Each structure stands twice: as C-alpha cells, then as structure tokens.
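Taken verbatim from TrEMBL:
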BINDING   Arg9, His10, Gly11, Gln12, Arg13, Val14, Asp15, Asn16, Arg64  substrate binding site
Amino acid sequence: MSRTIWLVRHGQRVDNVDKKWKANNPTKWDDPELTIRGKQQAHEVGKHFANMNIEAIVTSPYTRCIETSCQIAAMMENKSTKICVEPGLQEPLYMSMDPPTIPSMDKIKEYSTQIDDSYKPVFEKLPVEPKGDLGCGDRCVKTFQEIAKKFPSGNIIIVSHGVPLANIHAFLKGHWKYVGQCTISKVTDMYGQSFRLDYWSDKKHLSQTHDLQEDERIVPQAPPS
C-alpha cells in the first residue's frame, strides 16, 4: 500500500521579469506575487490535478505559493480539498526580510474559501538557521516528514520554493537538485516506511517550458560573506 506526495514549486514571480521590483518594494521585497504567466502556469498545474483525489495542498505562506495553491485548488473537481499554510515550507531565512513579510492569515483567507485555518503547522515560528541554501535543510526535511504524518493516508500536494524543494531532493536522493517553476515531482510514500522519488521537475503539463528558473542554482549557494 502506498500514497503519493506531489511536490510543486510556485509559478513565475514578478521580480523574475521586473528587475526593479525589489528596489521599488523595500517593505516587502521578499514577497513578490505571481506574474500573468505565473498564474497561467499554476492554472496548468491545476488542470493536471483536476481529476485526482487530493486530500490537501500544504503550502508555504508566501503570496506566490498561496496564489499557486489556490489556483490549483480552483481547478479541482474535489472542492473538499483543503489548503493548509505551513511556515516550515518557506524560503531560507537568509533570503527573507527579518521578520519575513508573509501575509496574515486573514489576508490569505481572502484568496480561497478552501484555506483551512484550523491546520496546526509543523513550525509556528521558524528556528534560527545557518545562512546559505543548505541552512534550511533540517527544517525543510522535518517539515516534509511531519506533513506526511499529519496526512497519513490521502494523496497530498506540497507547494514550496526552489531551495526548500532542493533540500527535500537531497533528503530523498542524497544530492542537491533544483526544480523549475510550476514543475511537478512525484514521491511515493510507503506509508512512513520509505519514500521513493519517481520523477523530478516534470514539465509536460506546461504550455511553455522555457525560462522556468530551473538552473537558478546548480549547486547550493554559500552564505554571503
């Protein structure tokens, strides 16, 4: 017996195309929303999952992930699929403002009626972590493992960022591997006994497969000096 854990990175973000966006948004430079293309990418991910039985979508609280998750949920025939907000899936702290500029739960709930504000996250507050891309590794792996325990039977989708997902790949396969925006990875969970990575960063569902930021990090980035 097994179930599937799907891994999805958020869609294209506005600062991918507007290089002045961060400088023009100094109070929330770590929380850009999706572009029109990013929303279309998320829509196409939703079409891929539309007929599947998904118990929950567990997402990073950043706006780009919330928008991606809500678009996926909107495309599903199963409207009982809940969206659960998990701080443990967010970007490394060294890539974020201090504190991170994540939207409030009231703001997040405006995106979809499927937001489950009763979900108890693995991390209410993130622990201190080393700088660099590997610094969030322990937190991301613990979050992945604990999410699997929280939903012990149904299929689930995890929506996160490039660096956290690369750290999960390192846990599953023993080496770092970055993932493209709105690509899909499939993990078979043998109900807690073992995890098997079936494929990584699949893009066949996307109408445009170029410029997915998948080569953004070939190797983990060292801490800034």
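A Cβ is built for glycine as well, from the same backbone N, Cα and C atoms used for every other residue.
Annotation: Arg9 carries the greatest number of neighbouring Cβ atoms among the binding-site residues Arg9, Arg13, Arg64 [cut-off 10 Å, Cβ to Cβ]. Taking every pair among Arg9, His10, Gly11, Gln12, Arg13, Val14, Asp15, Asn16, Arg64, the residues recorded as binding substrate, the greatest CA to CA distance is 16 Å. Cβ-based neighbour count (10 Å, all protein chains) for Asp15 (substrate binding site) stands at 19. Close to the recorded substrate site, the chain also has Pro32, Glu33, Leu34, Thr35, Gly38, Gln181, Gln213: residues not among Arg9, His10, Gly11, Gln12, Arg13, Val14, Asp15, Asn16, Arg64 whose Cβ is within 8 Å of the site's Cβ mean position.
The Cβ neighbour count for Gly11 (substrate binding site), using a 10 Å radius over every protein chain in view, is 29.
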